[in-house]
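Participant: Residues annotated as domain 'Deacetylase sirtuin-type' in TrEMBL: 17-261. Marked as active site, proton acceptor by TrEMBL: His124. Residues or ranges marked as Zn(2+) binding site by TrEMBL: Cys132, Cys135, Cys162, Cys165.
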Amino acid sequence: MDLTAPKIAELEQFDPPDRVDSFATELANQIKNGKHFIAFTGAGVSTSAGIPDFRGPEGAWTARAQGRQLDFKHTTTLQAVPSPTHMALVELQDRGLLKYLISQNCDGLHRRSGILPDRISELHGNSNREHCKDCGKEFIRDFRAVATYEKSATDHRTGRKCTRCGGALHDTIINFGEDLPPQALKLALKHARKADLCLALGSSLMVSPANSIPKIVGKNKNANLAICNLQKTPIDENAQLRIHTKVDDLMICLMDKLDIPIPDFILRRQLVVEMTTQAKEQHQLKIYGVDVDQTPVSFLQSVKLENSRRPAKSEPFIFNIRDKLEPGSKLNLELEFMGHYGEPNLIIGHGFSGEEAQHSIYELDYNPRNGQWNITSH
């Protein structure tokens, strides 16, 4: 991969603040008056979150090409807090302004920040997602779900098995020379052809075929391509709007022009608790995590039921209860998380309804700034 970056990085340019301001004003007008606004993101949207880019002066590939270690003080993708750009895009999505997002990033921050699964094409994969090629089932992990590639760069097996069919699970990372995921590419192309505005953020736009997406918009006489990147890109000539500034600086200014506040990052988890009763003194508790589209999510290390001998440490977390329970009884469950954001253990009181089959969903929202959980159930 280091061969794709020169030893001397492309010069970074910084446009003056007044130019950034006028660019943001024009962009805001086009977003408000347009019908189908999409965004295209690269590694530059995650640098302020502590994740190095690739071809910048302190980029990972630039450092390798120069035979040195990264000087960039970076964090892991699991501990990185989504940047103002990530959160601005989420808010634009939630308000119906951003119709679709195409990303080259595999750090998982767009999905973690709140971009919905049906509103994004992760063209190069997601380091927190794995899937079964046999049955198509997907899984989201709160850990790095990437193959070791010890045997081959094309061997994407992670070593885990599908809980639905027992097939081998594979990571979703797209390595150099591999085809992009067909469905993600199909949707990206569909939205590019439909777009009247595409904002490319923090991408060198050098990697094909991903860079064909914004180029489609730029070549459409009825659409506009806006590019924000510190370095030159090979499709600058196709852009109707071009700015050299940090993506966070642009997005903060843009959101101000739109009079839309950028929300703080909240880590959102969805916990399912199923309870079945076979007899008066025979009950089973089943606990597991899901995403908004019901994709299984692994975010717990263990679950402990009050008064049980030992915690459950494997998914799904199951407890067999051989006691008589009265309707309204509380079952206290202590949840232990992966803790990438310092999440403390959380105790939820699950109420027994007396029904033979009970399905409850708990929305668990964690604020990493104050270390507090907020729980809602339905």
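Easy rule for this one: first residue shown is 1, then count along the chain.
Yeah, the Cβs are placed from backbone N, Cα and C, and that goes for glycine too.
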Participant: What same-chain residues, at least 6 away in sequence, bring their CB to under 8 Å of the CB of His124 (active site, proton acceptor)?
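Facilitator: Non-local contacts for His124 (active site, proton acceptor): Ser103, Gln104, Asn105, Cys106, Ile173, Ile174, Leu180, Ala210.
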Participant: Are there residues of the same chain, six or more positions away from Cys162 (Zn(2+) binding site), whose CB falls under 8 angstroms from its CB, and which are they?
Facilitator: Cys132, Asp134, Cys135, Lys137, Ala168, Leu169
Participant: For each of the binding-site residues (Cys132, Cys135, Cys165), count the other CB atoms lying within 10 A of its CB, then report the residue with the highest count.
Facilitator: Cys132
Participant: Relative to the mean position of the Cβ atoms of Cys132, Cys135, Cys162, Cys165, the recorded Zn(2+) site, which additional same-chain residues have Cβ within 8 Å?
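Facilitator: Other same-chain residues with Cβ inside the cutoff are Lys133, Asp134, Gly136, Lys137, Thr163, Arg164, Gly166, Gly167, Leu169.
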